Amino acid sequence: MFGAVESGPSSYQAENRGPTIIAVIASTTAVAVLFIAARMYSRHLAARRFWIDDYLIVLSGLLSIAYIALTAAAVHFGAGRHATTLEPADRNKSILLINIAFVPGVLCFVIPKFAVVILLSRILNPGRTHRRIMWVVSVIYGALAVGLLVVNFTQCSPPAALWGEAEGKCLDRRVIVNYALAVGISSAVFDFYLASYPTWVLSGLMMYWRRKVALSSSLGFGYCAGAITIYKCTWVPTLKHVDDFTYAADNVVLWTM
């Protein structure tokens, strides 16, 4: 539990990372929503119909918006500010909202992977082996991600001890951080696999090299996603040593995006 509200130096009281958190997640989500809208519009023009992967991408976008809303609420109650400068009730609400935001935050980068598998299965018609590999890896990764959410909310007994509304015992923080790191690494590996598979298939087709490059590039955004995930994973171990959770919320929130 945290101590009473501190008066402290005015600079300490004024330190607030909340606006930065909102600016970053709002801008990145806005870009993602624009890409989703462009995808849906082009799909409507080209095929006059939508497939399951399109609906999954839209669902992911909606979850991203929900993530922003929950994070904004957490910032309203003090996320981004020093925990000892907040009223206990506000501090607890901000921590609770950050943890609730993990749910759409994690799901919005898990669901698109299933959409990619469905897309690749439809347009590249992989053999039975590759199809099974993609789906088995998808299910395993999805289970790991859901497991992360479960472990996060059950790491304390009672659960309310997680956000400070009750006294209780919690798991060593290294457990949840190491689990999150494992999920992040598996996400990066999966991204690279989903990006490299189209390149491998297209390399064996008889078509102009420029068209191959164009198709491989459009289907290979997973390389970028994997690289970003690896970069995020380098920050995850620092969460083991976080004492001022609300002030460090930027690292926690931005890692989830």
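Each Cβ is built from the backbone N, Cα and C atoms, and glycine gets one as well.
The transmembrane segment feature in TrEMBL is assigned to 20-42 (among others).
What TrEMBL records for 38-257 is domain 'Rhodopsin'.
TrEMBL lists 54-75 (among others) with the feature transmembrane segment.
Here TrEMBL flags 95-121 (among others) as transmembrane segment.
The feature transmembrane segment is assigned by TrEMBL to 133-155 (among others). Residues 99, 102-103, 106-107, 110, 113-114, 117, 120-121, 126, 162, 170-171, 175-176, 179-180, 182-183, 186-187, 190, 193-194, 197 of the same chain, all 6+ positions outside the transmembrane segment (133-155), place their C-beta atoms under 8 angstroms from a C-beta of that stretch.
Long-range contacts of the transmembrane segment (175-193) within its own chain (CB-CB distance under 8 A, at least 6 residues past either end) are made by residues 109, 113, 134, 137-138, 140-141, 144-145, 147-148, 151-152, 155, 222-223, 225-227, 229-230, 232-233, 236-237, 239-240, 255. Feature annotation from TrEMBL assigns transmembrane segment to 175-193 (among others).
As annotated by TrEMBL, transmembrane segment applies to 213-231 (among others).
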